[in-house]
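Asker: After the structure tokens below, expect a handful of questions from me.
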Amino acid sequence: MGNCLSSSDQKEAKDRSVAIDKQIEQDSRQFKKECKILLLGSGESGKSTIVKQMKIIHQNGYSKDELLLYRLTVIKNLVDSAQAIVLALRKFKMEPEMPENRENVDVILQYRVDADPGATLDHPMARKVDSLWKDPIIPAIMERSSEFYLMDSAAYFFDNVNRIGQADYVPDENDVLRARSKTTGISETRFNMGQLSIHLFDVGGQRSERKKWIHCFEAVTSIIFCVALSEYDQVLLEESGQNRMAESLVLFESVVNSRWFLRTSVILFLNKIDIFKQKIPKQPLSKYFPEYSGGPDINKAAKYILWRFTQTNRARLSIYPHLTQATDTSNIRLVFAAVKETILTNALKDSGIL
């Protein structure tokens, strides 16, 4: 049979075919670019700090007005930490060695932070906190920090108390990364990472928030699960008798074996490696996990904790571990370069290309 189409018809058909192919390719590329990442982990594991790092790295950081929004949180964190030290001194029947600090502890304990977002820290109070932090008794109380609740950033804020106590104090990005407030509900952060458009969902880590999670996120590309390595000797804020690492293991087990995530990969951030390195020589891991036999070796201790987490993976999900320090922007930038490859691979698998 002869060709019934004219050359103009053939050209039109070819152009239409090319346009359709181009649209299919564009749709496919768009599909691959949209990646939903679920950020999970127990309270104070570093999830919100990761979100802040994404803003710094991928969204041009914080404006002055945005930084000022954190001033009240920083001041509250500082005062709460100072009061925690005073209460610990009383709990352990210890007293400051410097006479002025013996007088200051009551004033510190009674101090209340003004709830006004524009409030500042009284300069005399800043001096009292600074004096207490420099008291010779403090190293002895910090040796026992696993026996009472003290936020990880306490020492950082104490070291910067005179700057924070200035009337014109504006937090910097390091302050923001260390500022701690409870995350409730679900927040979404969107940013581009190379050819990927990331939708990062941060879920409240405290126990009362967990029931809100899982059913919403069946279609996520990957889960980033944060574990604070340094919590192996700490107790829960919500339940003071419960070991925080044990709680994280229970949560991780429930996530990796959930029917909602059977095709999801898990990126495991073993976070707060900096605090972990300082702590392991002073607080033996074997005291809290008796079967550990690697002594004060940092690598062996981290590998043991990783092993404990991977042992819970009965669903045989792909797990990609990374040692992280969420407060260190350069570290998180490097880690996310590797994470990007993992996410891209999983997106390609989801789209049927791999």
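Heads up, the Cβ atoms here are built off N, Cα and C, so glycines get one too.
Just lifted these from Swiss-Prot, have a look:
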type: BINDING; residues: 41-48, 177-183, 202-206, 271-274, Ala326; note: GTP binding site
type: BINDING; residues: Ser48, Thr183; note: Mg(2+) binding site
type: DOMAIN; residues: 33-354; note: domain 'G-alpha'
type: LIPID; residues: Gly2; note: N-myristoyl glycine
type: LIPID; residues: Cys4; note: S-palmitoyl cysteine
type: REGION; residues: 36-49; note: region 'G1 motif'
type: REGION; residues: 175-183; note: region 'G2 motif'
type: REGION; residues: 198-207; note: region 'G3 motif'
type: REGION; residues: 267-274; note: region 'G4 motif'
type: REGION; residues: 324-329; note: region 'G5 motif'
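Set these features in their place in the structure for me.
Answerer: Taking all protein chains in view, 19 other C-beta atoms sit within 10 angstroms of the C-beta of Thr183 (Mg(2+) binding site). Mapped onto three states, the DSSP output places Thr183 (Mg(2+) binding site) in coil.
The number of other CB atoms found within 10 A of the CB of Ser48 (Mg(2+) binding site), across every protein chain shown, is 23. DSSP assigns Ser48 (Mg(2+) binding site) to a helical segment in the three-state reduction.
The predicted model assigns the region 'G4 motif' (267-274) a mean pLDDT of 96.
Residues of the region 'G5 motif' (324-329) grouped by DSSP class, helix first, strand second and coil last, total 1 helix, 0 strand, 5 coil.
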Asker: Sequence-remote contacts (6 or more beyond its ends) of the region 'G2 motif' (175-183), Cβ cut-off under 8 Å?
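Answerer: Distant Cβ neighbours of the region 'G2 motif' (175-183) are 43-44, 47-49, 52-53, 56, 62, 67, 70, 73-74, 77, 151-153, 156-157, 160, 164, 202-206, 209, 326-327, 329.
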Asker: Under DSSP, the region 'G4 motif' (267-274) has how many residues in helix, strand and coil?
Answerer: 2 helix, 5 strand, 1 coil
Asker: Based on Cα coordinates, which of the following binding-site residues are within 10 Å of Thr183 (Mg(2+) binding site): Gly41, Leu177, Val203, Asn271, Ala326?
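Answerer: Neighbours among binding-site residues, in sequence order: Val203.
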Asker: In this structure, which of the binding-site residues Leu177, Ala326 has the fewest other Cβ atoms within 10 Å of its Cβ?
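Answerer: Candidates: the binding-site residues Leu177, Ala326. Fewest Cβ atoms within 10 Å: Leu177.
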Asker: Using a 10 angstroms cut-off on Cβ to Cβ distances, just flag whichever of Ser45, Ser181, Asn271 is the loneliest among these binding-site residues.
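Answerer: With the binding-site residues Ser45, Ser181, Asn271, fewest surrounding Cβ atoms within 10 Å: Ser181.
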Asker: If you measure Ser48 (Mg(2+) binding site) to Asn271 (GTP binding site) at Cα, how many Å is it?
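Answerer: Between the alpha carbons of Ser48 (Mg(2+) binding site) and Asn271 (GTP binding site) there are 12 Å.
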